[in-house]
Amino acid sequence: MSSSAPSTSAPTKIVIPDLVSHCTIPVRCNRHWKQASVESKRWLFRGGNLSDRKRDAFHGLKAGYLTSMCYPLAGYPQLRVSCDFMNYLFHLDNISDEMNDRGTHGTAVSVLDALYQPHMHPTSRVGKMTKDYWVRLIQTASPGAQQRFIETFDMFFQAVTQQAMDRANGVIPDLESYIAIRRDTSGCKPCWALIEYANNLDLPWEIMDHPIIRGLGEAANDLVTWSNDIFSYNVEQSKGDTHNMIVVVQNQQGLDLQSAVNFVGDLCKQSIDRFHYLRENLPSWGPELDREVEIYVDGLADWITGSLKWSFESERYFGKAGLEVKKTRVVALLPRRA
């Protein structure tokens, strides 16, 4: 009796983990979301610098919907600034994917100059956009939130520049190094500062630097980022992009594709569990500060559940098939581009 040889053909699909069922945090959405979404896209498109194809992609992106689930209690002015930043951040992500490390560095200089010196008059498009939302943000953001925003956005550009160098040199980092740099390339950390801004919080550094508060931010960042690596894997593999945890795990541990997807999915579930554990063990700083901390941690939770819901309703990862993928969890792999 002969046995057939195991198949060595390339996989044609992956089954993504069920992270939605593992996340029991309720979804909330800001009542101003439609108006803020429309006006924010109009702001992004101002000047006609985007092609019709890129404009269509931003309509399908639904960044305003994501923002509205992540900052559900924000007043309209704060939500609008947050929507502008989110559209702008996705715009930066798109253009950084097309840049080498020199181009990324030039963008970083334009952005950080506008943040550190808002009285100056930027000449680049990205510098002007940066100044535009920043001068609105600093009208009501606490000094601590402003400082945390600038510092973490600076870290974002340092990490994105390193990512561009790795991409140019064909470097796939080990898992530990990847996790460290991905926590900054995600862009989540400045979004955590926006939680303070959007909710008019004024949290002191001794609270924001507390190990449990930092751990909660890290757990939320990990879930948002690592789940994004799963959801974006198909598009990225079609372009040959290796800055993805699934590729890193395959390379380091010698796993097949589906096993690597499952591995990253387990890490995502562990990050949700870690968030809940830390949330249940928050210390007390007195009634007034405890209320502000509760609002901040709720904001991190909104990011966890909002990002999961949005990932299937946006067209960024699964095109028009997001809700079908959410139901079946099966993703047909795209062919590699020549």
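Numbering starts at 1 and runs along the chain as displayed.
Just so you know, glycine gets a Cβ as well, placed from its N, Cα and C.
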Which listed span Swiss-Prot calls motif 'NSE/DTE motif', if the choices are 147-155, 165-173, 228-236, 318-326 = 228-236
Provide the three-state DSSP residue tally for the motif 'NSE/DTE motif' (228-236): helix first, then strand, then coil.
-> 9 helix, 0 strand, 0 coil
Counting Cβ atoms within 10 Å of each Cβ, the densest environment among the binding-site residues Asp93, Glu236 belongs to Glu236
How big is the gap, in Å, between the Cα of Glu236 (Mg(2+) 3 binding site) and that of Tyr317 ((2E,6E)-farnesyl diphosphate binding site), rounded to a whole number?
-> 9
Tyr317 ((2E,6E)-farnesyl diphosphate binding site) has its Cβ surrounded, within 10 angstroms, by a count of other Cβ atoms equal to 21
Using C-alpha atoms, which one of the recorded positions Phe90, Asp93, Arg316 comes nearest to Ser232 (Mg(2+) 3 binding site)?
-> Arg316
Hey, for the Mg(2+) 3 site built from Asn228, Ser232, Glu236, who else sits with CB inside 8 A of the CB center?
-> Asp229, Ile230, Phe231, Tyr233, Val235, Asn244, Tyr317
Judged by other C-beta atoms within 10 Å of its C-beta, the most isolated of the binding-site residues Asn228, Ser232 is Ser232
